[in-house]
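> The structure follows.
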Amino acid sequence: MSDDAAGSATAETGLKGAAGDVASFEEDRKGIVRTIQGILHEYPTLIPLIVLVVGTVIFAIAAPGKFLSPLNLSVVLQQVTIVAILGMAQTLVILTAGIDLSVGLIMILASVVMGRTAVAYGVPVWIAFPLGLLAGLACGFLNGLLVTALRLPPFIVTLGTWSIFGALNTFYSNSETIRSQDMEAAAPFLLWLGKLFKLYDIGVFFGLDLPWLRGWVVTYGSVLMIVLAIVLSYILGRTAFGRHVYATGDDPDAARLSGINTNRVLLAVYALAGLICAIAAWVLIGRIGGVSPQAGQTANLDSITAVVIGGTSLFGGRGSIIGTLFGALIVGVFRNGLALSGLALLWQDFAVGVLIIVAVTIDQWIRKISA
Amino acid sequence: MSELTNMSLPTGNAGDIVLEGRGLNKRYGRVVALDNADFNLRRNEILAVIGDNGAGKSTLIKALCGAVIPDSGEIRLDGQPVHFKSPMDARNAGIETVYQNLALSPALSIADNMFLGRELRKPGWTGALFRRLDRTRMAKIARDKLSELGLLTIQNINQSVETLSGGQRQGVAVARAAAFGSRVVIMDEPTAALGVKESRRVLELMLDVKKRGLPIVLISHNMPHVFEVADRIHIHRLGKRIAIINPKEFSMSDAVAIMTGAMKPPVEGATGPTQHYQVGEEASQVQ
C-alpha cells in the first residue's frame, strides 16, 4: 500500500493547477464484498474448486463410508472423463464468445468413423484411427469456416451442423452398433483407453509402497484427460495463440485493431475443438467397449454445463480449462453423491440445474468489477 | 529490447515533415468525406486536428492510420509514398494509433495488452518449439514503459485492464503506442471520457511523449485541451483543411468560428509569421 501512495505522489506532482476536489485514483471504499469480488475476479477458478470441496464434504457426511471410498471416487472419475474432454473443446469455443452445439455429434461421428472403418471395412487401425481424428478435425473446421466466412452466429451454425453430423452419422454407421468382441478382434487399439489400471501398482513399479493409493482404479482415458488439460492450459496461458483466443472473445474489435487476425483464431479454435472431440471419441469407444451411433446423446449439453459450472463466461474472454475440469467433476460428484444419499434421479437433474444458474449469476456479478 | 526502444529518430530540421497527405479524396456514395484534403505533421510537434462533426476529420485520420483507403491522393511518410491497406501496415511503418475506445482487451492483463498482437517468445527451444511466451521480459518492459511515462500508480502489471480507472486505461494505451510507435502517434479524443484530473494526466503524458521525440496527431473537440498542448492546429471543414493556425495567435473562439464557417479562414500573410501559419489552397473556394 505504501508503494501506491508513493506512486500517487509522483504522479500528482504533474497536477499543479488541478482542482483538488475531483475523484481520486485511490479506491477508498473497499468493503468485504468488494474484496471477495476482487479475489474471485483475479482467481475465477476458486469458485468451482470451493464448490467441489464443499460438495465432497457434504456427500462424505450424507453417505458416510460409501462416497469417499477410493472405488467410488474412481467410478466418478471414469464417468466424467468424456464430458470433461468435450468440455475442454467447448471451453475453447466459448472463450471466443461462441458456442458449439455439435461437439457431441462430432464425437459420435468420429467414433463411428474409427470403429466402422476398422471393423466393418477391415481397414488397418493405423489408418482408421487417424481417419477418425481427421473426421473430427474436418467437422470442426467446417464449423469454423461457416462462422468466419459466412459470419453466421455460432449458435445457428452448430445447430445446423449438429443436424448434419447426425445425418452423416446415421449414413455412415447404418445405425449399426459394433460389439466389443468384434472390436477386440479387429482393432483392440481403439479399446485401449477404456482399460483400467491400479494406481497402487504404479507406486509398486517405482518401488514405493503407498497404501493410500489402494483401491484407486483409473482408466487410461482419464490419464489422457489430465494430459490434455495440461497441454490446453499451456496453450491458452503460455502462448500468443492462447492470448489471442481470450482477446478475440473479450473484444473482437480491440483484438483486430491490435493486429490479431480474429478469423484465423476462430477457425483454429473450431478446428481444434473438432480434433479434441475426436479424441473424446477414442475415449468413448473404450468406455462403452464398442461403437454405438446412439451413444452420448446428452453430451452436447453436458459439455456446456461443465464449462459454465467451471466458471467460464458464456460472453467470452474469461475462463479456464482447469475450471471446466472442476466443472465436470462437480457434476459427477453431485450426481454420484445424491444417488448414494438415496435420492431419486430427478433430484440430480434438479441440483445440476441449480448449479448452472448459480454459476452464471456469480459470473455476471464478477464481471461487473471495475475501478 | 532494442527493437522496442526505437525512439531515436533520424535528425532533421525542425520544419521537417514526418507525415503528409496530399489531395486526399474519399467518397461514400454521394457523401464526400474527403475533398482534396491536405495534411502535414512536423517533427517534434503536437498537431491538433479540429473540425465540426461530419467535417471529415475522422476519415482523414483513418486514411493516415490505414483504417480507410483513400480513393485518390498521396500519403508520404518521411518523404516516401506509402500505401496502407490496413491499420497493421501503418503500425508496421511506425504509426501507432490510440483509438477512442482504446482497443484494449479488458479481461487481459496490462502486460498482455501492451504486447497484444506482437508477443515476445522465450529465446531458445522453449520459444521455438513450444512457442512459449517470455512473460517475465514482457512484464518488465511493460513496467519500464509505464514508469517512464510516470504511470507509477499501476502497481501490478498482471492485473486485468478492466480493474483500472479510465485514465489508467488511457495511460496503458498511450504507453503501448509510445513503446511501439517509432514515427508518429495518433490520438483520437484521448480525454473525451475522462474527468478533470485524469485529463490533466493524459495531457502531461502527451507532452512527455513529444519530449521523447515522437510527434503526435491529436484529434479532439476539447478546445482548452487543444490550445494547451498543440503547437499547430489543423482546422478541417467540409472535407478539407481550410486553415492551419498557431494557437498563440488565435483565440479559441476564432478557431471555433473558422471551424464552423462563421469566420473566413485567415488569408496567408494576414497576421503573424507565415512560419506558423498556412492556408489551405482552396480556402477561398470554400466560402
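In case you wondered, yes, glycine gets a Cβ from its N, Cα and C as well.
Found this in TrEMBL, in case it helps:
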TRANSMEM  A:43-62  transmembrane segment
TRANSMEM  A:82-113  transmembrane segment
TRANSMEM  A:125-146  transmembrane segment
TRANSMEM  A:152-173  transmembrane segment
TRANSMEM  A:213-236  transmembrane segment
TRANSMEM  A:265-285  transmembrane segment
TRANSMEM  A:305-331  transmembrane segment
TRANSMEM  A:338-362  transmembrane segment
> Which of A:82-113, A:213-236, A:265-285, A:305-331 shares the most C-beta pairs under 8 angstroms with the transmembrane segment (A:152-173)?
A:82-113
> Cβ pairs under 8 Å with the transmembrane segment (A:43-62): which stretch of A:82-113, A:125-146, A:338-362 has the most?
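Stretch with maximum Cβ contacts: A:338-362.
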> Using a cut-off of under 8 Å between C-beta atoms, tell me which stretch among A:82-113, A:125-146, A:213-236, A:265-285 contacts the transmembrane segment (A:305-331) the most.
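Highest pair count goes to A:82-113.
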> Select the range from A:82-113, A:125-146, A:213-236 that forms the most Cβ-Cβ pairs under 8 Å with the transmembrane segment (A:265-285).
A:82-113
> Against which stretches of its own chain does the transmembrane segment (A:125-146) lie, if we need a Cβ under 8 Å and a gap of at least six residues from its ends?
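100, 102, 106-107, 109-111, 113-115, 117-118, 152, 154, 157-158, 160-161, 165, 186-187, 189-190, 266-279, 281-282.
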